[in-house]
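Trainee: From TrEMBL, for reference:
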type	residues	note
REGION	226-267	region 'Disordered'
COMPBIAS	231-240	compositional bias 'Basic and acidic residues'
COMPBIAS	247-256	compositional bias 'Basic and acidic residues'
REPEAT	366-407	repeat 'WD'
REPEAT	408-449	repeat 'WD'
REPEAT	494-527	repeat 'WD'
DOMAIN	767-871	domain 'Small-subunit processome Utp12'
Amino acid sequence: MKFAYRFSGLLGTVYRRGNLSFTRDGSALVSPVGNRISVFDLKNNKCETLPLATRLNIVCVGLSPDGRLAILIDEEGAALLVSLIGKCVIHHFHFHKPVHSVSFSPDGKKFVITKDNVALMYHAPGRKREFNAFVLDKTYYGPYDETTCIDWTDDSKCFAVGSKDMSTWVFGAERWANLIYYSLGGHKDVIVACFFEEDSLDLYTISQDAALCVWQCDTELDGLKPIPPKDAGREKNASKDDEEFLEEPKGEEIHGKANPNEQETREKVKYSRVAKYFFNKEGDFNNLTCAAYHKKTHLLVTGFASGIFHLHELPDFNLIHSLSISDQRIASVSINCTGDWIAFGCSGLGQLLVWEWQSESYVLKQQGHFNSMVSLAYSPDGQYIVTGGEDGKVKVWNTSSSFCFVTFTEHTSGVTAVTFTSNGYVILSASLDGTVRAFDLHRYRNFRTFTSPRPSQFSCLAVDSSGEIVSAGSQDSFEIFIWSMQSGRLLDVLSGHEGPISSLSFNPMKCVLASASWDKTVKLWDMLDSWRTKETLILNSDVLVVAFRPDGKELAVAALNGQITFWDHENAVQTGSIEGRHDLQMGRKELDKITAKQAAKGKSFTTLCYSADGQSILAGGLSKFVCIYNVKEQILMKKFEISCNFSLDAMEEYLDRRKMTEFGSMALIDEGAGGEDDVAIPLPGVKRGDMSYRHFKPEIRVTCLRFSPTGRSWAATTTEGLLIYSLDSGLIFDPFELDIDITPSNIHKTLHQKEYTMAIIMAFKLNEKKLIQEVMEAVPSNEVDVVCSSLPDLYVEKVLEFLASAFEISCHLEFYLTWAHKLLMLHGQKLKTRSVKLLPVIQFLQKSIQRHFEDVSKLCEWNIYNIKYALAISQQRGMKRLAEETSADEEDLDSDSDFLILFLSCFFKNVVY
């Protein structure tokens, strides 16, 4: 392989659990998705998943005030310090116990984390290089139960911590003479959130039973008195003496008391409760799950377990808005810096919503498959991906923005297969509900429904290259059904298999259908010969998946014994085989009685896919690895580890001995309810939660693999979601026919001599992308025709490939379109003879041009509408002016001219863009 594929995006899942956070400017949202984080750019309508991952699912995300750093903490307390600018991990740290929340101080110098009943304050990492990025400053004790939430004052002098013991504690970030700690009660349930008022020590506390307490402080922030220097010096010396005997400084410890005596409270800060409000006055909402507060606009947002959120204005507690956005619990709420956008995360359904409360409209509304994704397919131009899941939904995703733009919900059971037709405007899906449905991407509707004479559960699907013939295999009647796309009628029922149909594939170049079955055979059906069986290939084991090479000359078959066999289907001769069982490298599940090595003997590949050029084949199955093989050499080229998330089952090859007891594995012990939901059940002896609820770990698996038609990426549907791997060509020096004279200085010299063709050839030999771009853009537009005609055939393909990638990032649209047009017109006939080899490059070029065409056409339509509107207004007012007085005419003329100037300025701005 010339290039290395690397992880480039996660689609299909937008939110799992943890807290949502807006970036500093409020235009982007950071969402934890399993053990990764995705950044949703709400202004540019794009999503990016950062190329880093934690060991377990992320539960806490803390963003620094300057937006440069983020702290990601997983379920066990392992933390990553991440640069959001460089998109890389800077530091690893472990807090050794689960962390409930993390928050940076507004000045960015400190951050606080809460675990167990303790709050730990650390010095925040700065811009200088440090040996240890996390240095403990102080440890705060006070609550008797687990801590839940944190909030800072605006000047970073104090912070508040909420607890499950129904108390809220206010601590000083420094030891103030009149405030070291203060305990607040007044609630009858777990504290969900606490918020300081702007530039004040006044506090709001919110509990899970939907109660809000308003606390007023008798001291302003400026009234906090520092400890006299003598006392401070004694405390520092005492702490230094203790730390001399420690390997790592522990920091200062502050122990709070819930009921201090009168002497300790004398001349100290005091709080008084001035109001208490209840959200559930009518008894509709009984379980408040999350809250967020915007200090400048005094806006309080609260989310409930019923999927309803409330918008209140504080301190008067005026209800502004109330809306039900889901039928599941709202797990996280966040408000951006301007207070306009509110983000909601629902972990039950994997929903992510951004609501603009003033206009009452959605800025973002995304939801993944809340059950496993089973299948996927690329559109012919590689611009879209369609996925089908066990939840019965069919979703279409844009590969450039990573957003889902349409969801079809007509199926009543799990979707087993999806595919595009050759024109790219029709999606077909097969389901266990006994239907195959066709969806139109122009009108977004289900325009055809194909059914069988008697109910059948369809397990696989295929459509021929013309898009006219649709076939689906049944897993209960062992038959293949053939329909006409145009009429929707059932054309034929193919019988002959003696087991469930596991896979179907049409030959891209001929009217031949290959069907695989559990009866250990692959049958080839000839569409032009009344669907008669052309050949029957007999294998040694049940056949699970079959795939044709893009040129249609080879057939790949994966069987239950772990082998991938290659066939010359014209002569029914096997041309090669790969023993892939050992490459799968299965993991051992927590409850498995046998080792992973023994379990691997019964495992095999369940999905296959050829690369766009047909030289490689991708294979995956019930494992965390995807293997890519060279078809000609029949050797393993690379194994991709699709996940390092140990929150999933079957990730480890060996059981962890620390989880083994004399009575068996600790995984067999279930402590009852889901910890996050905390559903209260009033039963004696029940610790918490619904006793019918059972924890389970999803098993890591790859259900479907597909290569992009452009050859630049491939996708996999996995337990984690839809993973995209793209070519990483930026870090690899890959020269082509390099000579000793091919140097950047010689290329620049040739360019100054205006030998453009030679300069382009030399630049492609050196294969440095920036140098190629410089040479290409130095060619005058009137010389493009001459240079294209003199280019050797070998370099035409390379120039086309460069043009396709340049369209993605360059603003010189007309210049590069001229290049593409001249090359295709002058070399079109020669390129046709190598069409199979050049197809991925041409499709990549088409995808890039199509994307720009859609953007520019929308812009032009908007400009045309603005001009027509401006002309209509001017004509309408012009006719009125004829009947009015001359003085009034002059005033109207001024207003009309201002109106036209405004519209034309907007128009010209768009044209410049």
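Each Cβ is built from the backbone N, Cα and C atoms, and glycine gets one as well.
Since we're looking at a predicted model, the values are computed, not measured.
Surface or core, plus neighbours and distances: that's what I need for these features.
Mentor: Note on the repeat 'WD' (366-407): DSSP counts are 0 helix, 23 strand, 19 coil.
Among residues of the same chain six or more beyond the repeat 'WD' (408-449), those with a C-beta under 8 A of the stretch's C-beta atoms are 371, 374-381, 384, 386-396, 455-463, 465-467, 470, 472, 483, 485, 488.
For the repeat 'WD' (494-527), the DSSP counts in helix, strand and coil order read 1 helix, 19 strand, 14 coil.
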Trainee: Provide the three-state DSSP residue tally for the domain 'Small-subunit processome Utp12' (767-871): helix first, then strand, then coil.
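Mentor: Once the DSSP states are binned, the domain 'Small-subunit processome Utp12' (767-871) shows 95 helix, 0 strand, 10 coil.
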Trainee: Let's see if you can do this one: DSSP helix, strand and coil counts over the repeat 'WD' (408-449), in that order.
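Mentor: Taking each residue of the repeat 'WD' (408-449) in turn, the totals are 0 helix, 24 strand, 18 coil.
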Trainee: For the repeat 'WD' (494-527), what are the same-chain contacts with Cβ under 8 Å, counting residues 6+ beyond its ends?
Mentor: 459-465, 469, 471-476, 478-482, 533-548, 550-553, 555, 557, 559, 567, 569
